[in-house]
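Below is one structure, written out as structure tokens, with a few remarks after it.
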Amino acid sequence: MVDQRRSEIPGKKREKDRTQPNLFSVKCHASGRVPVTINISLSLSKTIFFCYCLQSGEQLKIRFAMSAGALLYSFSPTPPNPSDCFKNFSFLERRPKFPSRFHLTILPEDRCFVFQISARRHSGGRGNWRLWTDVKSKPYDVSNKDANSVKFKSSIDKRVLDDEEELSDELPWWKQFPKRWLIVTLCFSAFLLCNMDRVNMSIAILPMSAEYNWNPQTVGLIQSSFFWGYLLTQIAGGIWADTVGGKLVLGFGVIWWSVATVLTPVAAKIGLPFLLVVRAFMGIGEGVAMPAMNNILSKWVPVAERSRSLALVYSGMYLGSVTGLAFSPFLIHQYGWPSVFFSFGSLGAVWFAVWLNKAHSSPLEDPQLRPQEKKLIFANSVSKEPVKSIPWGLILSKAPVWALIVSHFCHNWGTFILLTWMPTYYHQVLKFNLTESGLLCVLPWLTMAISANLGGWIADTLVSRGHSVTTVRKIMQSIGFLGPAFFLTQLSHVDSPAMAVLCMACSQGTDAFSQSGLYSNHQDIAPRYSGVLLGLSNTAGVLAGVFGTAATGYILQHGSWDDVFKVSVGLYLVGTVVWNLFSTGEKILD
């Protein structure tokens, strides 16, 4: 008896194909030898056949694939003599463009079998495969001479779907895009908005200070008020992300800071105290972003892709600065300075809608994640479950943790000064107008976006070639410290505005290598507590932003820009020493 039927993956709608033939003809006879004949009319170079047989409780998997006249096969688990098993397979007829017939005979030991025969069809493009049909039987006994045939039921066996060689269903390219990189892209866009909303004040502060008669000390107070709220939610955001999941925390942060951005012009008109409160509220929202992102990526991204993924996300911050600094002058000239806050803040609602629909805190929570990608993620990552308690004593007793904290402080002092005061430096020292200041501020951040991704690629390449993670992290962070220190010292010796802009760009470009140094190290040393650890170290970084931004206003009122840069260079050198003495790339907390 011959049973010809098709089956489909539950929940998947089979697409029509004009070339579909009668896919399988399977025949089983009740005898000591069980012949299986397969008739199929698919291009042999486009098809892989799988046959599963359960013998005496041990699964023997025979895989045979046709391509360019070659027959490829493998066994798992490998029998004592694979050739003895495989010799029972033979061609009955093989024609590339017409139905081809294959014959497989399996000699049973106890005559009790589970047969499963399936195929996958390739339609072009890497990884573009679809489960075409599947035929299987329940266990049956062929010792009964009256049972001269077996009729298979059409269904899908979980062993096929979960097998390591399971290939993707035939889907459009945008649906085949790896889900982990979709998560990375959404985090990238969140950080893009983060810095767009943050740097717009550094441009808008110029017409705002003229309108409200603010002196440099007041400007410094306004700039630093953002960090008051930013400081409050670093550790809290890390704890929240590690316990309830990063999706909720990051979504909350984006909506919160977007609303605060929209309210900024209203608060400025009411009075300075209200503006300071709104800017602090904005900092509260942005403060949870980095811990939440770090928590999400520690669950979604394998170790081999860690530096690249983090570099891409952090380059979103740099490109956000580029976008904010480039568009803010145009919006101010055309529609007035309030338009910057209204337009940038409204983009958060668009991002939030996509985030709710597509993102998940962990691969465990994503029902649409393809099995092969899930295996890739889980094979290279730690537990995806939220932690129940934070071992604060153990965390704070580790020298590499303190190396992160100190280095983060030293790094962020110089970074936040350039982020908030660069347009003022261009305007006051280099004598650029508002538009020129905004456009020229773009160059350093654009350089950072490029350098961050270059550094991520270099770091992952070095790790994949056998260099220790510790060595790679120390090299990358040393570049991130010593590069900016060198170029900031040159600002005191350059005469032309063009050279000053070039030094700024080179300083920020080398700074971006830190994304493959200290910013990747949280997941190295404590992957399960990466959100908390980043919140802890970034608290020190935020303190550097609070004190550094406010201190810059004080220094400028009583000194010069050279004094501002000297303080930054000194802290870069301190960070270099501490990092190379005490940091590690090995896991120190389980």
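The backbone N, Cα and C atoms fix where each Cβ goes, and this holds for glycine too.
Under the heading domain 'Major facilitator superfamily (MFS) profile', TrEMBL lists 183-587. The transmembrane segment annotation in TrEMBL covers 181-201, 221-241, 248-268, 274-297, 309-331, 337-356, 401-422, 442-463, 532-556, 563-582.
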Problem set entry | Per Cβ pairs under 8 Å, the stretch of 221-241, 274-297, 309-331, 401-422, 442-463 packing most closely against the transmembrane segment (248-268) | 274-297
Problem set entry | Whether the transmembrane segment (442-463) meets the transmembrane segment (563-582): three or more C-beta pairs under 8 angstroms | no
Exercise. Excluding the flanking five residues on each side, which residues at least 6 beyond the ends of the transmembrane segment (401-422) place their CB within less than 8 Å of a CB in that stretch?
Worked result: 198-199, 201-202, 223, 227, 321, 395, 441, 444, 477, 480-481, 484, 488, 504, 507-508, 511, 514, 518, 521-522, 525-526, 533, 536-538, 540-545, 547-549, 552, 564, 567-569, 571-572, 574-575, 578-579, 581-583, 588
Exercise. Looking at the transmembrane segment (181-201) and the transmembrane segment (563-582), are there 3+ C-beta pairs under 8 A, with each pair at least 6 apart in sequence?
Worked result: no
For this session: May I ask whether the transmembrane segment (309-331) has at least three C-beta pairs under 8 Å with the transmembrane segment (532-556), counting pairs 6 or more apart in sequence?
Result: no
Exercise. Out of 221-241, 337-356, 563-582, which stretch touches the transmembrane segment (274-297) the most, going by CB pairs under 8 Å?
Worked result: 221-241
Problem set entry | Intrachain neighbours beyond the transmembrane segment (337-356), with Cβ under 8 angstroms and 6 or more residues off its ends | 186, 189-190, 193, 196-197, 200, 203-204, 207-208, 247, 250-251, 254-255, 257-262, 264-265, 324, 327-328, 331
For this session: Could you pull the average pLDDT for the domain 'Major facilitator superfamily (MFS) profile' (183-587)?
Result: 88
